[in-house]
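A.B. asks: Before anything else, here's the structure in question.
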């Protein structure tokens, strides 16, 4: 399975999806936030199945009406037929009421909430029909109604595995209770045998649903993980260059619409080649991971972005950030990296690993390439000033002392 094979062994960054794959989920439960995300995913993906289920249910209840008309002698048992017809039409009415929740995405959450109750009502309706047959002393022409009701519980309607199992066991218990209360002693053996068969149906369907739910959860984690791997830098967990360019372009376009400015902070690790040569690439990777943690603190708002552009070059894009606030963030990042105290004896800027930062602000009509060039020019000014400094395009800002 995926959780035991290639992806988990691929040196993945630490994220909720990878952790869940490593930890496993034999009880079909994720961590709380991840479980909520999976339920949301399951809800959206079950819309088509709900629509199909309602169509099938319409057909089944209509066929029950036809079967009642054909098998019940209306001349001898007119009240039985009328009562059965009332139950069948009541279920068709229920399906009409819940129909919008399956076809309108805006009512999707309503469908999530009422699905188990609808399934329970369907099973109760089936049992009510069985009771009516017993009350009128008319032999039931089929024993499959309760079985069909239990099978409906396991239809893929977006319910989680344990919810389906609990509901199926409740329906089975109600089935047994009805048989014991209304079935009569003469039918006791047959009714108990039917309950046993329905119990086997629950067991088989539960096993099949377990395998399906496990595979679905595994695919969910795998797809989310692959999506993150396509969008994130595997070493630092920051946004990668390709995804950064997409998000940054969207931010610039939104800023143009809302007349908001966008600030770009380019970050470069000072003398990083010398660091790798002296301490080795594993130490360099560890240093970049620590740097990624620091830079992530500078991009806390929803539209802010922290990205690794490649090698030791990083970017922090800030949406609707004033000049003073942007400079303060850049300086805090510089100080935070210096405060890590990562030894770098080969640095020309000091005994510890440091960064240089170049800041640029978007102007009306400025594209992403132009913004990058301005920030890159400011970054070179910071390098020329002795490194471990912040510089702004078209301005000179010595680092704060």
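Cβ atoms are placed via backbone N, Cα and C, with glycine included.
Among the features that TrEMBL reports, domain 'GGDEF' is placed at 260-395. The transmembrane segment annotation in TrEMBL covers 52-72, 84-102, 114-135, 167-184, 196-215.
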A.B. asks: With DSSP helix as H/G/I and strand as E/B, how many residues of the domain 'GGDEF' (260-395) fall in helix, strand and coil?
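C.D. replies: Final tally across the stretch: 58 helix, 34 strand, 44 coil.
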A.B. asks: Residue list, the transmembrane segment (196-215) vs rest of chain: Cβ under 8 Å, 6 or more residues beyond ends.
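C.D. replies: Contacts of the transmembrane segment (196-215) (Cβ under 8 Å, skipping residues fewer than 6 from its ends): 25, 28, 146-147, 150-151, 153-154, 156, 160-161, 164-165, 168-169, 172, 175.
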A.B. asks: Within the domain 'GGDEF' (260-395) only, compute the mean pLDDT.
C.D. replies: 92
A.B. asks: Under 8 Å between C-beta atoms and at least six residues away from its ends: which parts of the chain pack against the transmembrane segment (52-72)?
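C.D. replies: Same-chain residues near the transmembrane segment (52-72) but 6 or more away: 80-81, 84-85, 88-89, 91-92, 95, 98-99, 102, 122, 129, 138, 141-142, 145, 148, 152, 155, 157.
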